[in-house]
Amino acid sequence: MASEIHMLQPMCLIENTEAHLVINQEALRILSAINQPVVVVAIVGLYRTGKSYLMNKLAGKRTGFSLGSTVQSHTKGIWMWCVPHPKKAGQTLVLLDTEGLEDVEKGDNQNDCWIFALAVLLSSTFVYNSMGTINQQAMDQLHYVTELTDLIKSKSSPDQSGIDDSANFVGFFPTFVWALRDFSLELEVNGKLVTPDEYLEHSLTLKKGADKKTKSFNEPRLCIRKFFPKRKCFIFDRPALRKQLCKLETLGEEELCSEFVEQVAEFTSYIFSYSAVKTLSGGIIVNGPRLKSLVQTYVGAISSGSLPCMESAVLTLAQIENSAAVQKAITHYEEQMNQKIQMPTETLQELLDLHRLIEREAIEIFLKNSFKDVDQKFQTELGNLLISKRDAFIKKNSDVSSAHCSDLIEDIFGPLEEEVKQGTFSKPGGYFLFLQMRQELEKKYNQAPGKGLEAEAVLKKYFESKEDIVETLLKTDQSLTEAAKEIEVERIKAETAEAANRELAEKQEKFELMMQQKEESYQEHVRQLTEKMKEEQKKLIEEQDNIIALKLREQEKFLREGYENESKKLLREIENMKRRQSPGKCTIL
């Protein structure tokens, strides 16, 4: 079963200290232990706007994330709380609470942009928390969204078609949820009652004009619409009287404003029901170890003065996991071969048949646990390792057979050697008596079971080592004429030549078997990889179709509002995405 994590309280994940971002290693160890898919909800907003209260509600606790209800704001950096998902079994809810933006007490707000960017990069649902209505001041305070193009890269190299890199953000970015706190106005637009979502969409309407003021008005709205096509809005009444706000976490629901309680329940219900599992491009599901890798890669890039690159982060993660997938597959191969093979096998084919079955399983394991294997680098490595392991088993099989046959020969032919030493055959007629006894022992050897595929080779080598004894017995047998001896010599030569031919034929047969196995192995790699690539291509097309649909919806909206330039830009992005929807090549081994 996948592991469940029960953190009793939040822990700092990324500390913002002295203008540096430092990862908490203990938090990484916790992420490493979460094998379940993670739903990552991050909240960002100005300092002392009640972000932590909402996050505690999502954790199902009154206390946990520090509320900072005094004049001094509490949360510094990014804090993490991992809890079992309350509605979706087998998933872990990872809550990320961030330090308040633009805190005057910090004096140095240079890391605010990075905190904002990291919250976007790591989350599957991004909650922006602000006070009051969505007016120009609220938009100005959300200037961080306009800076994302300067803080984040989606691709490691520029797009050849000239499309702006930020056009790819949609495929990586989370759902955007705007939480409006202490909202006291009626939800009206042009005298008509509207929903919070309709209010948000109205607030994101652009103004026409090319002057600096209009551009400043439009820029944050444009970025939200382009980068976050999936948007949601919630409004919250003031939770209690002002004098009670300082002890909000101690108040029971009956002491809070009933509308606020209902609004919080609606918010948490939405998050629990609709916040998606964090995924990467290609539908790669993020679990704890993968989230850990993303944290390390992104913070590492920021610390080194680079921009966090989403494509590079995925490829870094792929390098780690693909290497582990190779090892996992090889371990399975070795374990299964050791368990199932009975050495020595009687034929090479028997061993190769077993190898083929377990090799297929090993390839399945690798492909199941790997992704984004560029140019099939890791699958090629797996193929080479499987060949090496196979050859090691073939050698071991031969060694076991040779050792067993040598012991058997010593047992069977040992008494004959003793009789030779004692001179039993050093008499007239002794040569043929020796041959007769040796043939009987050879028959006994051949009938012995479980010798393996080296049986004939070991016997041949043994006979070759005794050729001088046979030659001596033949020469000294006084009962044989010279002519008879010549005939016997020729017979021995013919037997030797026949044995050599058999050995040559066996080598050729082994070569052909190995070539056949090599081709079968290649075809198995190609078959399984092709199936995986088809499945990945299907997922990628579905993913891109969803992105295209979101972009089309926004493009049509721009067109209806009369913003033809923005509509044309999105249309170019959509056409470029459609052109890129081509299947990958299968080039392995």
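The backbone N, Cα and C atoms fix where each Cβ goes, glycine too.
Quick caveat, the model's predicted, so the values are computed rather than measured.
Marked as GTP binding site by Swiss-Prot on the basis of similarity to another entry: GLY45, LEU46, TYR47, ARG48, THR49, GLY50, LYS51, SER52, ARG181, ASP182, LEU245. Annotated domain 'GB1/RHD3-type G' per Swiss-Prot: 35-276, in sequence order, evidence recorded as sequence analysis. The annotation S-geranylgeranyl cysteine is assigned in Swiss-Prot to CYS586. Per Swiss-Prot, the feature cysteine methyl ester maps to CYS586. Feature annotation from Swiss-Prot assigns region 'GTPase domain (Globular)' to 1-309.
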Practice prompt. Report the mean pLDDT of the predicted model across the region 'GTPase domain (Globular)' (1-309), rounded to a whole number.
Written response: 85
Fill in: LYS51 (GTP binding site): secondary structure state under DSSP, collapsed to three categories
helix
Practice prompt. Would you count the other C-beta atoms found within 10 angstroms of the C-beta of LYS51 (GTP binding site) for me?
Written response: 30
